[in-house]
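Report on one structure; see the data block that follows.
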Amino acid sequence: MDPVDPKLEPWNHPGSQPTTPCNKCYCKVCCWHCQVCFLNKGLGISYGRKKRRPRRGTPQGSKDHQNPVPKQPLPITSGNPTGSEKPKKEVASKTETDPLD
C-alpha cells in the first residue's frame with residue numbers, strides 16, 4: 001500500500017471516491033459502482049428520509065362511504081323461548097329413583 005497523506009480526510013484518500021458519479025441505474029455494473037450504490041441498489045437499504053406518499057383522493061361518485069345499513073327483520077326462532085324444563089325434570093326424577101345402596 002502506498003503511504004497516504006495524513007493531512008487528507010479519509011473520504012478524500014485516493015481510491016475512496018469512484019471515478020464516475022453515481023446514477024439511478026440498477027444494472028449489475030451500477031450496483032457494484034461503490035459501497036453506497038451496493039447498499040441502496042443491491043441490498044435495498046437506504047438510510048435517507050423516506051418521501052411521504054400523498055393520500056389518494058376519494059372517487060367522485062362516492063359520498064364519504066356513509067351508506068346506511070339496511071334494516072333487516074329479526075330471525076324467528078321456533079320452540080320455547082324460555083328453554084325446555086322437561087329434561088331437567090327427567091334428570092331429577094331419574095336420580096331420585098335410582099338406588100345407590
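Glycine is no exception: its Cβ is also placed from the backbone N, Cα and C atoms.
What you see is a predicted model, and the numbers here were worked out from it, not measured in a lab.
Copied over from Swiss-Prot:
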- W11: site 'Essential for Tat translocation through the endosomal membrane' (SITE)
- C22, H33, C34, C37: Zn(2+) 1 binding site (BINDING)
- K28: N6-acetyllysine (MOD_RES)
- 49-86: region 'Interaction with the host capping enzyme RNGTT' (REGION)
- K50: N6-acetyllysine (MOD_RES)
- K51: N6-acetyllysine (MOD_RES)
- R52: asymmetric dimethylarginine (MOD_RES)
- R53: asymmetric dimethylarginine (MOD_RES)
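The structure, with features from Swiss-Prot marked on it.
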{"residue": "W11", "record": "site 'Essential for Tat translocation through the endosomal membrane'", "CB count, 10 Å": "7"}
{"residue": "C22", "record": "Zn(2+) 1 binding site", "CB count, 10 Å": "13"}
{"residue": "K28", "record": "N6-acetyllysine", "CB count, 10 Å": "9"}
{"residue": "H33", "record": "Zn(2+) 1 binding site", "CB count, 10 Å": "18"}
{"residue": "C34", "record": "Zn(2+) 1 binding site", "CB count, 10 Å": "16"}
{"residue": "C37", "record": "Zn(2+) 1 binding site", "CB count, 10 Å": "19"}
{"residue": "K50", "record": "N6-acetyllysine", "CB count, 10 Å": "6"}
{"residue": "K51", "record": "N6-acetyllysine", "CB count, 10 Å": "6"}
{"residue": "R52", "record": "asymmetric dimethylarginine", "CB count, 10 Å": "6"}
{"residue": "R53", "record": "asymmetric dimethylarginine", "CB count, 10 Å": "6"}
Rounded to the nearest angstrom, how far is the Cα of K28 (N6-acetyllysine) from the Cα of C22 (Zn(2+) 1 binding site)? 13
Which whole-number value in Å describes the distance between the Cα atoms of C37 (Zn(2+) 1 binding site) and R53 (asymmetric dimethylarginine)? 24
How long is the line from the C-alpha of K28 (N6-acetyllysine) to the C-alpha of K51 (N6-acetyllysine), rounded to the nearest angstrom? 26
Using W11 (site 'Essential for Tat translocation through the endosomal membrane') as the reference point, find which of the recorded positions H33, C34, K50, K51, R53 has the shortest Cα-to-Cα distance to it. C34
Distance check, please: Cα of R52 (asymmetric dimethylarginine) against Cα of C34 (Zn(2+) 1 binding site), rounded to an integer number of angstrom. 27
May I ask for the distance between R53 (asymmetric dimethylarginine) and H33 (Zn(2+) 1 binding site), taken between their Cα atoms and rounded to an integer number of Å? 29
Neighbours of C22, H33, C34, C37 excl. site residues, C-beta within 8 Å of centre, Zn(2+) 1: P18, N23, C30, W32, Q35, V36, F38, K41
I need the CA-to-CA distance for K51 (N6-acetyllysine) versus C34 (Zn(2+) 1 binding site), whole Å please. 24
